[in-house]
Amino acid sequence: MRTATYFFIFLNLSLALFEEPAVYPLPFLATSVLEVLCLLVFLGRLTHFAKVTLHNVFWKDTKNICIMVAILLSLTDLGIYGVLRLYDVRSIRWSRIVRPIFLINFAESRQIRRAFRSIRNTLPEITYVFLLFMFSLLMFSLMALKLFGERNLQTAEGLPYFRNYLEIVFDLYVLVTTANSPDVMMPAFDFSSWYALFFIAFVIVNTYIFMSLFLAVVYNNYKKHLKVMPGGACG
């Protein structure tokens, strides 16, 4: 039962690869049949669980309620999407976002739920570090706007360089990952090599200090919540 449940959960999640818009598109009828099959298996598993569980215990378990709601939402969305296709009306499958609910809420997914609860409990405690990081990013973006915004610099593609505040925020956010390094700093460096100091300071503060601090806070809090949970273990 556990292997079958995991197989159909994986199949249900993988349907996103084959539904429009898809990486490997399949006919709507094929994906619909597979999804209905998965939902029937989930409903059968839930029915079996209800048969071997006390009635009041089953209905008080929020996991079971979440699964039933997810099944109803998926079937409703599938029906609406199918009817709209008959009338050539374009729409999207919004119920895709509820599919991970099956992975988390079945009884066989105890370890996944434990990890999910640890992540959920960790989020409030890392919010402060994240807010500090965002404040630093916004301040550096403001400085970049004042430094480069009035110098009429252009990128290699001939586009305005660091003249729009929101675009600066996004470019510097990407720079934290060093994905656009050194391209993002070359127009300023070509204008004056001294401007490299700005980007060096930005990378030191945000990439090396804040990202390391962020990782440490996430790891320590996740480990702490995993330890205090019932049956939790840390290795």
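Cβ from N, Cα, C; glycine included.
What TrEMBL records for 1-16 is signal peptide. Taken from TrEMBL, the feature domain 'Ion transport' applies to 6-224. According to TrEMBL, the transmembrane segment annotation covers 26-44, 65-84, 126-145, 165-182, 194-219.
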- Go through the chain and flag residues at least 6 beyond the ends of the transmembrane segment (65-84) whose CB is under 8 A from any CB in it; none is fine as an answer. 28, 32, 35-36, 39, 42-43, 46, 59, 90-91, 93-95, 98-99, 101-102, 105-106
- Item | pLDDT averaged over the residues of the domain 'Ion transport' (6-224) | 88
- List, by number or range, the same-chain residues at least 6 past the transmembrane segment (126-145) whose CB is under 8 A from its CB atoms? 162-163, 165, 168-169, 172-173, 176, 198, 202, 205-206, 210, 213-214, 217-218, 221
- For the transmembrane segment (165-182), find every same-chain residue at least 6 residues outside the stretch whose CB is under 8 Å from a CB in it, and list them. 137-138, 140-142, 144-145, 189, 199, 202-203, 206-207, 210-211
